[in-house]
Amino acid sequence: MSPLVLSILISSLSTGTIITMSSHHWLLAWLGLEMNTLAIIPLISKHHHPRATEAATKYFLTQAAAAATILFASTLNAWTSGQWSILHPTSLPVALLMLIALAMKLGLAPVHAWYPEVLQGITLPTALLMSTWQKLAPLALLLMMYNHLPQNILLTLGLLSACIGGWAGLNQTQTRKIMAFSSIAHMGWLLTALILSQNLSTLTLLIYLLMTTAMFLTLIFTATKTITDLGTTWTNSPTLLTTSMIILMSLGGLPPLTGFMPKWLIIKELTALQLIPLATALAMASLPSLFFYIRMAYFTTLTTPPTTTTTEQKWRHTPQTPPLLPVTMALTTLALPITPLLYYFP
């Protein structure tokens, strides 16, 4: 695929997301989501491989079903209330349909089955794009209409996603599937934060984007497809593998790293609202996720790496370090002390 075609696809992807995030009209939001979906499908299938074709087909069918549900719910809302505005209060059936469709777009449990399979069939850079940029448009719609959504169902979906994201990732060996279930678990925490505070949900989203970008850039740089690949990349860059272990600990939410910040604030807010059982369940649901992060960290630096070459220079060239990698690594590991500045920013 030529660079010109790729630039056009990426600009369409960006335009669709921006239209969705900036519009208050349901038809414009639906149009933005459709542009966003149709622009990323060629990026998924540009490697002419059966797995890439299968991933593109699964992604298209899932996103088309979600977009059709959004169009049906918005038409039903306009029929019953005479309003096409996203900010206008909706009835309970319309709100449930919208919530199901946006959960399908985000890959939230229990409509998450397509997400790990699609991520497994695409390249690591496209998986990074799908785990970060593709989340923005559906989350913007959720943020605009969260006042009209049933809060009990939102909290249930958040807890279910956190649990399934941790449990289903326990027996995975492919790094893309592990990152997919990690994303599902983080989306559960983000959905819970959405109920509590807009500032908290925005902060949780930003930290999720930072940590996921840093981890995917590391996987792209070392060409790591499976957990066992992590044990053979030490000779390529020991410093990078050491910081990868710290990033994995941050993804697991261990203090004093940045990933501890959103979980700490969410549990604090839930406790202040006397939702102690939910806070306890969320904290317990993060333990399986922490287990497979620690398992990956064990393969990075806590085992004796094999010597892949006896010569000083390796036979392959070392790829150029991505320019965003040092910045994202620093923010992923060192941003916890500025929590009050970020959380109470007006």
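Backbone N, Cα and C define each Cβ position, glycine as well.
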Completion exercise
Here TrEMBL annotates transmembrane segment, and of 127-147, 274-294 the range meant is 274-294
Exercise for the section: Among 56-74, 94-115, 234-254, 274-294, point out the range having the most Cβ pairs under 8 angstroms from the transmembrane segment (203-222). Expected result: 234-254
Practice task
For the transmembrane segment (178-197), find every same-chain residue at least 6 residues outside the stretch whose CB is under 8 Å from a CB in it, and list them.
Solution key: 106-109, 112, 115-116, 119-120, 127, 131, 135, 139, 142-143, 146, 151, 154-155, 157-166, 168-169, 172, 203-205, 208, 212, 215-216, 219, 227, 251, 262-263, 265-266, 269-270, 273, 278, 282, 285-286, 289, 292-293, 296
